[in-house]
Each structure stands twice: as structure tokens, then as C-alpha cells.
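As recorded in Swiss-Prot:
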ACT_SITE  Asp12  active site, proton acceptor
ACT_SITE  His40  active site, proton donor
BINDING   11-17, 39-41, Arg300, 326-328, 409-411  GTP binding site
BINDING   Asp12, Gly39  Mg(2+) binding site
BINDING   Asp12, Glu13, Gly14, Lys15, Asn37, Ala38, Gly39, His40, Thr129, Arg143, Asn219, Thr234, Arg298  IMP binding site
BINDING   Val294, Thr295, Thr296, Gly297, Arg298, Arg299, Arg300  substrate binding site
Amino acid sequence: MVTIVLGAQFGDEGKGKITDLLSQCATLCCRAAGGHNAGHTIVHDDITYDFHILPSGLISPDCINLVGTGTVVHVPSFFKELDALKAKGLKEADKRIFISDRAQVCFDLHSVVDGLEEAILAGKKVGTTGKGIGPCYSDKASRRGVRIGEVLEEGVVESKLRALEAGYRRQFGELKYDLEDEVKRFNEYRTKLQPYVVDQMAFMHKHRSSPSVLVEGANALLLDIDHGTYPYVTSSCTGLGGAIQGLTLNPTSIKSIVGVVKAYSTRVGSGPFPTEQNNAVGEKLQKAGREFGVTTGRRRRCGWLDMVMCRYSNAINHYTVINLTKLDILDDFDEIKVAVAYKLDGKLLESFPAQADVLDKVEVEYVTFPGWKSNTMGATKWEHLPTNAQRYVEFIEREMGGVPIRWIGTGPARNHMIERI
């Protein structure tokens, strides 16, 4: 049966830890969409691991891992990340990771184009990671991209890459990009990549009887190309639909959909953020939560938890259970606010707005909770939480339509987790 872990907000919710926890029992762990723009950190046995394109199931020695068809793979980053994991003790990791032959190749060329496209936008930048994800997905949609399986065929990458470069040169003029170097490297990757490439359909059929399949979502619902705060989104489908499509899952095999919700809100890059706190509260959240992007190192924007957004996310992803993360970051606040409604021009909005400019204008209605002003870091039992912290959790649960909050994160370590049965 399949468990899918999905971000419910703007990403950086802390999906890595619950994925790590669930992967201990998983026989197969998969990434369905996105690329090396994603990033999360896992602390396991006092060792810190950073993941971007690779599934974090690699930490578990009995778990096979797949980078699925819906992803875009920057091959140098794939090998760099794999080497870093092996250097930290995961010696057999390269024997447990596979890539769909239908996944797209993200070239250095795409990263160069990403920067040029952002520069053209000037004051209206999307705030991408600069990793080339958008241009790569654009080439996929335009049917001129390169698939991973084609890397194994002599001459295919060179022919297609030269055509891509020529097209972008016509569009942007001279590029600060070494075409010959990238062609040379991919000629070398042809042999190096071969042991990792699989036919996903045959691979998934082979593992169809796996007792536990874990799908690791990247980014989050509000960054989804269709359902997110467009155009301030990533270029892939980051929700439930993307997981099913990117891995050709049988929907009837899905046992659990885990929505990961941070106890407050953060966002990296540009785009609307109704509950953002450009004040001492935001600075305190940023400092206490150590809110810097794993991929870019950029400081994350911080604000209060937004239940309007989370309810919208739940309506699309149909969570069966919630993992609430980083509750301990709120330990030292006198009061804690939660957004429960939006108004526009004095009128209550009945749904989450599709237009980014509308989200920029909404008036947020909050419910205010008294803080608990005591240390919850490392708590592992529900009864160890202060009463005010319990009330905060229970309120979120009600706002999510009764979807149970099964796990509560109380710190960075693997065992800093409360599980409510």
C-alpha cells in the first residue's frame, strides 16, 4: 500500500523528518516531481543529511529508492548528492537508487536561461531557486526536452542540446554558457548513468506487491503550477495529482495521504503571503526556527499559521492525517495568532483567491491564543505538552475539518516527535 507525504503550505514544512520516520518501514521510497530545487535536512544518529533530488529513504538500509518520471534531473547534482551521502556513511546508497528513463534532463543551460528570464522580469521576479527547473519543464512541455533514457544513446544529447542552445541564443543573444563542456560531460555520463536508469513502468510493476511504498512530495501545494499562488510557483504539480501522475500510481492503492503543516508559516522568494510579519514577530520566528533555505541559503519570510490556506490545501490533497511540525519554535511567544478568514473590501471571502494581486490585498482575520511559555523541545508524549499548546493543536485539527494530527514535531532530531495514536 502507498503512503504519500505532501507539503500543505509554501514548502519547508519539515517533510523530511516524517519521511525519514515512515521510510524505516518502507520497502520503496519515491520522488514523483520537481528537481534539485527542493531541499530538506534530516538529522539521523547525530549526522545531518541534506537532500535535494534524492529520496530520503536512502538513509534506511533496506529501502529501494526511485526518482520518478515526473521529475527533472540535473545529472551532476545527482552524483554530487549521492557522493555526499556515501561520504557520510551511506556506503551502499548507490545500489539502492534508480531513475526513470522518462524523467527529464535538467541541463546547466537551463540554469543560465533561468537567470536571464528572472532578469527580464525585473521588479516582478518570481524568486526562483535559479536551478533551471522552469526552463526545463518548459522544454518538456514544448516537446524539445531530453529524457534520461536518451542520455544512454550515443549522439542524442549532443544533437538536442545544440538545438536547444541555438534556440535560446536566438532568444537572448550571447549566453554565458559553455556548450562544448556540457556536451563532453554528457558523453561521459552515458556509461556512468546506465546502472541507475530503469523503465519505470516495469520497475513499479516489479514492486507492485511491496508492502509499503512511500512517496516523498517536494515543494508544497501553494507552489503547485495549477493550484498555487500563480505565477509565484514552481513548474511542476506538487500535490496529490502530481504524485499519481509522476509515478503512475494506482489511486486505489493509496492508504494514507500525510499533509505536513508547519506550526507557523514561511515562504522563500517572491509572491503573496497574507500572514507575513515584517516586524519583530517575523524576526523572532526566523531566528528561533533557523529559517534559511536548504537549497539557496536564502532567508525565509515568516508569519503566522494560515488556516485559510491550509483548508484550501486539504480540499485539493485530501489529507487523511496531519504532521504538525516545529511546534517548539512557538515556545517563547506571549501570544500566538492563527488566520481563520480573509476579507476583501470588507466582505468575507468564501474561497481561497486564485489571483496573486487579490491575495496581496486581503485583510486577514485572526484568532489569538495565549502562549505556553515553556519548553516543549524534545517532548515525545501528548501529555507532556502544556495545556495551551494542546489547545493550539486541537484548534488546528478542528480547522482542518477533523483530519487527525497524528504526529507533532518538537525539535530537529529524529526522536523529537509526538505520535498520537
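Glycine is no exception: its Cβ is also placed from the backbone N, Cα and C atoms.
Taking all protein chains in view, 22 other C-beta atoms sit within 10 angstroms of the C-beta of Thr129 (IMP binding site). Cα of Asn37 (IMP binding site) to Cα of Leu327 (GTP binding site): a distance of 26 Å.
It is Gly297, among the binding-site residues Gly11, Gly39, Gly297, whose Cβ has the fewest other Cβ atoms within 10 Å in the structure shown.
When other Cβ atoms within 10 Å of the Cβ of Asp12 (active site, proton acceptor) are tallied across all protein chains shown, the result is 28.
Cβ neighbour count for Asn37 (IMP binding site): 28 (other Cβ atoms within 10 Å of its Cβ, all protein chains included).
Taking a C-beta cut-off of under 8 Å and a sequence gap of six or more, Arg299 (substrate binding site) has these contacts in its own chain: Gln286, Glu291, Phe292, Gly293. The number of other CB atoms found within 10 A of the CB of Arg298 (IMP binding site), across every protein chain shown, is 13. The most densely surrounded of the binding-site residues Thr41, Asn219, Thr410 is Asn219 (count of other Cβ atoms within 10 A of its Cβ). Ranking the recorded positions Asp12, His40, Gly297 by the distance of their Cα atoms from the Cα of Asn219 (IMP binding site) places Asp12 first. When the C-alpha distances from Thr129 (IMP binding site) to the binding-site residues Gly11, Thr41, Gly297 are tabulated, the minimum falls on Gly297. Rounded to a whole value, the Cα-Cα separation of Gly297 (substrate binding site) and Leu327 (GTP binding site) is 22 Å. In this view, the residue listed as 'active site, proton donor' is surrounded by 23 other Cβ atoms within 10 Å of its Cβ, with every protein chain counted. Proximity of Lys17 (GTP binding site) to non-local residues of its own chain (separation of 6 or more, Cβ distance below 8 Å) is seen for Ile42, Thr325, Gly409, Pro412, Arg414, Met417, given in sequence order.
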